[in-house]
Amino acid sequence: PTAHPFLPKPVGLKRPIIQQTHLLGAPKEIWEASLSPAFALVDVADLRMELTHNSETLVLWQSLGRLGGSGWQELVVATGRVQGDFWVTISATRNATHRGAVALDDVEFWNCGLPSPRNSCTIYQHHCNNYACVALTELCDREDNCGDASDEDQNPSFLSAVGHKVTDFENGLGEWTNTTGWVITQGSEASVASAVPVRDHSKNSASGSFLLSKADQGTSDILISPEFHPSSTNSCLFTFYYYLHGSEAGSLQLFLQSQNPDLPQTDPIRTRQGELGAAWVRDKVTIYSRHRFRILLKGKTGPGGVVGLDDLILSQHCEQVTKTPEGWGPKGCHCHLQQLTKIDSRTQTDNFCESGHFSCGEFCLPPEQLCDFVPQCAEGLDEQNCGETNFESGSGGWEDTSTGHLQWQRISAQDNSDPRTDAEGNETGPFLSVQRAWGQLMGVAKARTPVLGPSGPDCTLKMAYYLQGHPQGFLALRVVEDDTHKLAWHIQRNSNDTWTWVTVPLGERMRPFQLELLGMVDLNVPGTKGVGVDEITFVNCNPTVITKKDTELSCNFERDSCGWYPEHRTDALWQRASMQGPGYDHTTSQGHFMYLDPTMPPARGKSARLLTALQVPPSHNECLSFWYHLYGPQIGTLRLMLRRVGEADMHLWARTGTHGNRWHQAWATLSHPPDSVAKYHLVFEAQRNGYHGNIAVDDITVRPGPCWAPRRCSFENSACGFSSSGQGAWQRQSNVTGSAIRGPQKKTDMGHSLLGHYMMVDTSPSALPQGQAALLTSEEHSPLAQPGCLTFWYHLSLHNPGTLRVHVEEDKKRQVFSVSAQGGFTWRLGSVDVQPEKAWKVVFEAIGAGVEHTYIAVDDLHLKDGPCPQPGSCDFESDMCSWSHTPWPGLGGYSWDWSSGATPSRYPQPSVDHTLGTETGHFAFFDTSVLGPSGRAAWLRSEPLPPTPMGGSCLRFWYHMGFPEHFYKGELKVLLISSQGLLTLWGTGGYLRHQWLEGYIQVTSTVEFQIVFEATLAGQPVLGPIAIDDIVYQTGQSCEPSMPAPGEISAPGLQPLMIMGAPFILLFLTHRGILKICDNTCDDNQPLGCSDPGVACFWCMAPAEERRLPIQEAERGEQRFIWL
């Protein structure tokens, strides 16, 4: 559901009334997203989930502007125990200044049923009043495990039987002492925009009370229990509920303070840290102490986060001392609190170090330099407890953040049945293992590292794992970064009772990020042995170290990826591949290349980057050359960028859309400022436009000196080395950027764009006096060994701007093109044949005519091999000629492609072309199976063609349709587009297989126009290509049927159509379903508009059931009319 685009009006989605839920977990899983096609998705919408029960409505979760990104995000919300009927409402409020959207999918309720009744229970279970069975350990834990609250009976006899003592803060702190910071509050006092709980745990209500940390950020709150007798004989069980939400830096620690007469001490026995979500989490601690003791709870808030406590439960074996000895009361224990406030899991402090800084002995490190993979302290103390560990001396910085029945614990192999050794084979060695836990929510076991980063591009994690579940378990490593969780590695199959080694690429990442281990196994099923990890190490993660491999930028990818590394920040990843995607590499046709396939796996992110390590700039410019492959009906964009530290990315090169099923070479000059010391990355960025197509790069070479002038330039990223001289000044600009005169809209293959760039010169008298010239000169091009064709698009303003001339400058300038007619609203294609034998330049010369508010613009230069074809004609042997094949807006983003029968392709295509009749010949083709059932299309468009002479011009072409018999679904049409609209000239469909057919059309137009070949669907998609070859546009000639070669078929031609009023009425009627186009006959309907019985008619009355408007028929003599 979406709201009004300008008003912050909420809309809601309400679930039907639900019966009461069980308290245990009851999580609700929702995949949610905020989408917008135009800009970053931050604060574009507010998403809220509410639970209504009786007269109370609770906010279970609210986005608070945290929505963002174009991928689906998982949300798990605990509803808590709800007695009676309730319903859940999901509401969205759109931001008043952005047109964002919110979508929901895959809504599930987990573990919401009440326990089933049983006739009897085991000796380890309690039989509830409703005959359900619950574990004895779940009695009096403030959770309604029975479903009728009989395990939480509050009558005196029941309480005396179990002897538990509960502090729920409904009537104060009880016998606990608050030293500083903790305050009793209620959910009804919580602000909507804060992370404060909106309900307590005891009542699951906004009216219930709980304890909340209110200390200033960076300081700690400490809650002190009464004094207890030693618990060495019968252990004291302490159960409590805590709330950590809103910040990764928030923490709760539980300390045991013993009254040891020889050495009083305060020992931490439980630490929970990080973002655990908006839920109360249960924990239990068994306390053994040979001396009197107290329990201390220390809360520390992080930025925007809160720490809460509720339902502190002490078992009957926690025997309180009735009279506290002198010096051991709450005031007496303050002598240890100062030391307690200094205890932190990540930092050491010294007298001369600021709070939170790490002491290296002689100097202090700020927190951002801890765990940055760069050792700075002696023996690397600042990089200890950062996740790299063999668990011999502790957890190595991994903190358990589980909230359910499983948790990660450091255990010894001798205390565990399986595995019997650690990863190194030691029978007493420790490792990290998934064990049972006291959390009441559902979910996997989780453990996180401290904040890490930045890391280098070749950073990997290596570890050993053990996984033996029945029937299987789950183990994963994911990266927590920018409030998102990305899976880096996972396994769901057993490790065959052995430790297995795995290497997980992490790549270059900015600080902060964390790593999180996920483990899941059913420990209650016979045959399950457990999950463990050991020997975790980081390899090549120091971003400041540059290895010899990092400097290897020239690479053919045969041995490895040299100094190029895939970025691992999105699901879309570059891979070193062989014999897939393009089907062959460029180096040997059988080797390796870097490859991106957006369907393996389906990537959530739109971009994938291939980058180098930080490079030291040389003292000279360099030329980088490479081969690229952009192929597929729905391909996106490939860019090359230079990224200097602390500066904006410098765009060096870019290509968009399919470029045929072959490799292309490209060049880019790497310009390094003199005396520059700023290190840089080179980055290939591939941006998807769909799931149909692939992108590859191969044979990257870097050499000293600048490159030759580029063979193709769109002016999107730079001026491509062109320089301006003469009287006037050529400028690179767009239609909306700053020049004295507003230029044309950018010419693109997708139409016109206000944001695209081109080169333009103002030819007004004040800028370029009449008869004066402004020159735009390229860099040097390499000599041509064979004829070439230089194409460019030009635009002259509506009023006479003057003359545009094009020169080829070898030893001297030679004019090869000139135009001086007034322009209009259309970009036009210019082409010249060139074959310089020496280094040469191209020069655009604009000569002013002295008319105000005029301009001349050029764009999209392309130097191609071979002579220039005639306008509108193409045999597709070298490329697509002047036919544009990139997506047209509104048609689904699909493209015609260019290939041959001999080129490996993932899409079906003809085995031979028509021109040569061999598998090496080329053609244009489109596979309609990629289209959806909504009937979208792909267009192949000619350049603008001038009005036809009297009598028209002839368009000839050969087409191929290879669809399975009885399953034909595709259609091929020929359209004509001009300033007067769109007209369908020709169309065909039917079962036509493994043969090239000729089509020809007599075209007449009084205005400039374009011809379009449209591939579309007539029904559901089916595998099968539509191909075009040998298009010939013959100006001023009539179409005479050609003699087909053996095995070829010539399709009937169509008569001229004048683009005036009547044909557009016919077009309107056709699109409304009143008329239809027929190839030869009109079935049982009288043909319309047929004055010559010998002429094939193609306008027919559509059947009544296909019409979308009511009509009436009338006759006048021998003529028939239709009435709307």
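All positions are counted from 1 along the displayed chain.
Glycine is treated like the rest: Cβ placed from N, Cα and C.
CYS121 is paired in TrEMBL with CYS133, the candidate among CYS112, CYS128, CYS133 named as its disulfide partner. TrEMBL records a disulfide bond between CYS371 and CYS386, which is the match among CYS335, CYS353, CYS386.
The disulfide bond recorded by TrEMBL for CYS146 joins it to CYS128 [selected from CYS128, CYS140].
There are 25 other Cβ atoms within 10 Å of the Cβ belonging to CYS146 (disulfide bond). When the Cα atoms are compared, CYS133 (disulfide bond) and CYS371 (disulfide bond) turn out to be 48 Å apart. Spacing of CYS146 (disulfide bond) relative to CYS121 (disulfide bond) is 13 Å (Cα to Cα, whole number).
Counting neighbouring Cβ atoms within 10 Å of each of the disulfide-bonded residues (CYS121, CYS133, CYS371), the lowest count belongs to CYS121. If you measure from the Cα atom of CYS121 (disulfide bond) to that of CYS128 (disulfide bond), you get 9 Å. The two recorded residues CYS386 (disulfide bond) and CYS128 (disulfide bond) have their Cα atoms spaced 47 Å from each other. When pLDDT values are averaged over the domain 'MAM' (711-870), the model yields 85.
Close to CYS128 (disulfide bond) in the fold, though at least 6 residues off in sequence, lie PRO115, VAL134, CYS146, GLY147, ASP148, SER150, ASP151, each with a CB less than 8 Å from its CB. Cβ neighbours within 10 Å of CYS386 (disulfide bond), excluding its own Cβ and spanning all shown chains: 22.
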